[in-house]
Amino acid sequence: MTVADGFYRNENGELQAESVSIQDIAKRFDTPCYIYSRAMLQENLMAYKEALGKRGSICYAVKANGNLALLSLLARFGAGFDIVSGGELARVLRAGGEASRVVFSGVGKSAQEIRRALLAGIRCFNVESTAELERIEKIASESRTRAPIALRINPDIDPETHPYISTGLAQSKFGIPLAEAEDIYKRAAQSPSLAVKGVAFHIGSQLLSTRPLREAAERVGEFVAHLQDSGINIAHIDVGGGLGVRYVDEEAPDPRNHVAAVSTPLANLGVELIFEPGRAIVAEAGLLLTRVEYLKENGEREFAVVDAGMNDYLRPALYNAEHIIEPIILRQDGQRSIDVVGPICESADVFATDCQLAVQPGDILAVRCAGAYGFAMASQYNSRPRPAEILVDGSHTHLIRRRETLDDLMRGESVFVGD
Ligand SMILES: Cc1ncc(COP(=O)(O)O)c(C=O)c1O
Ligand SMILES: N[C@@H](CCCC[NH3+])C(=O)O
């Protein structure tokens with residue numbers, strides 16, 4: 001099976017997920033819901049693993065999609081994990097992932113998160129500031145252990161992507177400036193509570209050119225050579241993730257391009273490489289299903305009001321992200337310009353403007369390429385229960401997260417009973 005086979009139109013023009021009719025999924029599980037293709041997930045991970053070969057390993061970025069079923073599949077296919085919170089660590093462990101294959105990124109690790117990760121025996125903390133390093137050192141010392149660390153370097157490279165998802169520019173909150181890193185490494189190397197393992201960087205997400213990735217690798221590679229000359233042993237370089245995908249008509253590099261761009265400048269350093277792809281593994285492997293509730297016209301515009309909102313899928317509202325939106329069953333006539341909008345009381349709750357669609361109320365639409373940063377960023381805004389997630393595996397469908405109920409919405413809250 002190839003990636004193209006995950007979601008495709010059958011001979012009747014109806015959209016399928018692997019061997020299952022998506023119209024049937026909508027009937028059985030209701031909308032809105034997320035559908036994932038196991039074959040695509042596996043193929044996307046394998047593409048990275050094959051491109052990388054023995055040069056390193058993959059630590060899938062859990063933030064892109066942390067569903068337990070997907071994590072357990074990825075662990076089974078041989079992935080390690082990049083986490084950014086104690087919650088993500090708990091998910092990985094619950095899904096059967098190995099702590100020894102977990103790297104911990106993020107600028108705000110709490111003392112409790114550090115303690116738990118240390119106790120679990122993670123592979124490496126990607127440290128983002130001197131203050132964080134001191135906290136990790138103190139906790140490791142109190143626990144009479146050595147914390148494995150890498151410093152996340154901010155290489156000051158423009159990744160040429162949306163400003164909200166650029167992370168490797170000098171003005172960004174992420175990482176440690178290159179000019180300060182050497183002294184911090186020298187100090188860390190002397191500490192009985194720290195074990196220097198590597199160097200890390202990550203410059204941004206949805207990157208459509210490998211040039212900034214190559215430049216960042218060159219800059220970090222020179223720094224690592226210098227560290228090695230100064231007697232600091234660096235066993236791995238964590239090169240982050242960030243590979244973009246084709247949402248509409250973008251030309252996205254593939255994992256081979258990513259691996260080549262980054263590994264070439266680092267080839268002579270004798271270090272293991274860690275890649276942290278998120279989006280490139282899950283985005284295309286997922287879609288969001290939604291039903292047209294109403295058609296309405298306001299002045300010159302026609303709207304299809306659908307039952308998914310920005311609470312279910314935030315990317316269009318937050319980043320003006322564009323996605324292909326298409327009916328599961330195509331209608332012959334009536335194609336016209338329509339804005340696809342959600343039910344949330346916010347003007348940003350728009351999935352697409354000026355979409356060429358032939359739709360009627362009750363029709364089911366697919367928002368393609370929604371597997372990454374989809375459910376992961378869903379909320380209960382407007383007191384809407386979050387949607388179900390369904391995994392398709394050949395001719396089998398698995399409900400891997402049930403739709404939330406109204407009880408779920410209010411779990412943990414209480415009405416005020418005082419005077
Ligand atoms: C440290 C780190 N690693 C990996 C990723 C995964 O990025 P992407 O989903 O763009 O591959 C991110 C998010 O951009 C990140 O912040
Ligand atoms: N949430 C972002 C990606 C964030 C990357 C986090 N480092 C998106 O949907 O594009």
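Along the chain as shown, the residues are counted starting at 1.
Each residue, glycine too, has its Cβ placed from N, Cα and C.
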Recorded pyridoxal 5'-phosphate site member, picked from G242, G309, G334, G342, that accompanies E276, P277, G278, R279, Y373 in TrEMBL: G242
Close in space, distant in sequence - G242 (pyridoxal 5'-phosphate binding site), Cβ under 8 Å, 6 or more apart: P159, T161, H202, I203, G204, S205, Q206, L207, L213, P277
Additional residues surrounding pyridoxal 5'-phosphate, by Cβ distance to the G242, E276, P277, G278, R279, Y373 centre under 8 Å: A61, K63, A64, S205, G241, L243, A280, I281, A372
Proximal residue to C345 (active site, proton donor) among recorded positions K63, G278, Y373 (C-alpha distance): Y373
Winner by Cβ contact number (other Cβ atoms within 10 Å) across the binding-site residues E276, E346: E276
Cβ neighbour count (within 10 Å, all chains shown) around G278 (pyridoxal 5'-phosphate binding site): 23
C-beta crowding around C345 (active site, proton donor), within 10 angstroms: 9
